[in-house]
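> Here's the feature list from TrEMBL:
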DOMAIN    A:7-252  domain 'Malonate/sodium symporter MadM subunit N-terminal'
TRANSMEM  A:13-33  transmembrane segment
TRANSMEM  A:40-58  transmembrane segment
TRANSMEM  A:70-94  transmembrane segment
TRANSMEM  A:106-130  transmembrane segment
TRANSMEM  A:164-186  transmembrane segment
TRANSMEM  A:198-218  transmembrane segment
TRANSMEM  A:230-249  transmembrane segment
Amino acid sequence: MISDIISTLFTKFPLVGAIGAVALILLVSYWFANVIGQKRMGSAIAIVVALILAFIAGKFTDGSKGVSDITYFSGFALLGGSMLRDFAIISTAFGAKLENLKKAGLPGIVSLLLGVTFSFVVGSVIAYVMGYHDAVDVATIGAGTVTFIVGPVTGTALGASSEVIALSIAAGVVKSVLTMIITPFIAKAIKLDNPTTAMVYGGLIGTTSGVAGGLAATDPKLVPYGAMTATFYTGLGSLVCPSLGYMVLKIFL
Amino acid sequence: MEIYGLGIVAFCMYIGSFIGYFIGEALGISGNVGGVGFAMLLLILLSNYVDKKRGGWSERTKNGIYLLSALYIPIVVAMAGIQNVVAAFSGGAIAFVAGGVATIGSMFLVPVIGKLGSKKLEE
């Protein structure tokens with residue numbers, strides 16, 4: 001009887017169950033990030049944990065929709081679906097000031113344009129070399145190399161498969177984590193010691209969590225400068241990758 | 001009220017996605033092409049306009065927007081949880097190579113473009 005009631009709870013309130021489960025994932029991930037002394041890696045760790053859970057669920061159920069194939073966790077499909085995802089992403093643009101972009105000036109704008117283009121091209125070329133020859137797949141993986149948000153946004157827009165979208169998220173997460181880890185070591189070599197280069201750095205790398213984490217480990221004073229340009233990166237990527245990026249790829253493929 | 005904040009984002013999403021689907025139709029791929037980007041751009045323009053015009057939205061309206069952006073990471077975690085990772089795992093090397101090369105390559109572009117900025121300051 002008790003177990004019946006419990007399974008009723010999960011099937012009656014799927015969205016609430018998913019919110020609770022995600023809260024738990026984040027709690028454990030941030031706790032782990034604290035233990036290893038990398039506070040800002042919490043969200044990247046949580047994404048990796050979720051990808052691992054999706055892997056386990058996929059092995060277990062033979063399904064293609066990760067943990068949402070398990071009846072108890074079907075709410076994940078609502079919480080992580082494209083509707084709420086896009087709704088939340090758009091809200092993050094709030095607070096970005098136009099003056100700030102003007103303040104970042106020419107190097108800021110050049111770094112944003114070059115940063116998105118460079119990552120998209122590198123990701124696309126590697127995807128092509130490693131066996132993906134369909135323009136939609138190549139564009140999605142290239143967009144994932146921009147950030148782990150631009151990948152799924154592009155993939156959903158162009159109708160890519162979940163497998164390719166998962167790859168694009170993974171590429172973005174690799175970029176984010178790698179940025180946090182190697183920035184402090186490479187800071188001197190790339191002259192990352194003043195507001196201008198910090199803004200350029202934010203515009204070139206773009207993954208907000210990676211940039212903020214990497215700069216915090218280098219010099220906390222530089223964080224707002226890097227974060228300022230990085231805020232525009234995902235927006236620019238979501239605008240350019242599924243439209244212009246895809247069209248250009250379509251010419252070659 | 002908080003719901004106004006949520007409503008503002010909803011409005012931007014509808015306008016942005018309208019443009020996105022329109023471009024999608026024009027390209028013949030029937031998808032929302034760049035809609036999220038257009039919506040973000042609209043939200044930035046709108047909030048900056050209101051800031052200038054009458055000192056921004058009220059605290060409670062802003063809270064509605066902040067609530068959404070606070071949900072952003074949890075939603076991304078949930079999104080990661082529903083992907084076909086088993087299938088992706090077979091081609092997983094791509095993620096590491098693409099992410100790695102893009103990151104390290106971008107970092108070495110920093111001093112190159114940084115020079116552009118310092119030259120301008122010297123002028």
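Every residue, even glycine, has its Cβ placed from backbone N, Cα and C.
From a predicted model like this one, the values you see are computed outputs, not experimental measurements.
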> Please work out whether the transmembrane segment (A:40-58) lies in contact with the transmembrane segment (A:106-130), by counting C-beta pairs under 8 angstroms that are 6 or more apart in sequence and asking whether there are at least 3.
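The answer is no, given that the two segments have fewer than 3 Cβ pairs within the 8 Å cut-off.
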> Under 8 Å between C-beta atoms and at least six residues away from its ends: which parts of the chain pack against the transmembrane segment (A:106-130)?
137-139, 141-146, 171, 175, 196, 199-206, 228-229, 232-233, 236-237, 240-241, 245, 249, 253
> May I ask for the residues of the chain that lie six or more residues beyond the transmembrane segment (A:198-218) and have a Cβ under 8 Å from a Cβ within it?
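Long-range Cβ neighbours of the transmembrane segment (A:198-218): 38, 40-41, 43-44, 104, 107-112, 114-116, 118-119, 146-148, 172, 175-184, 187, 190, 192, 225-234, 237.
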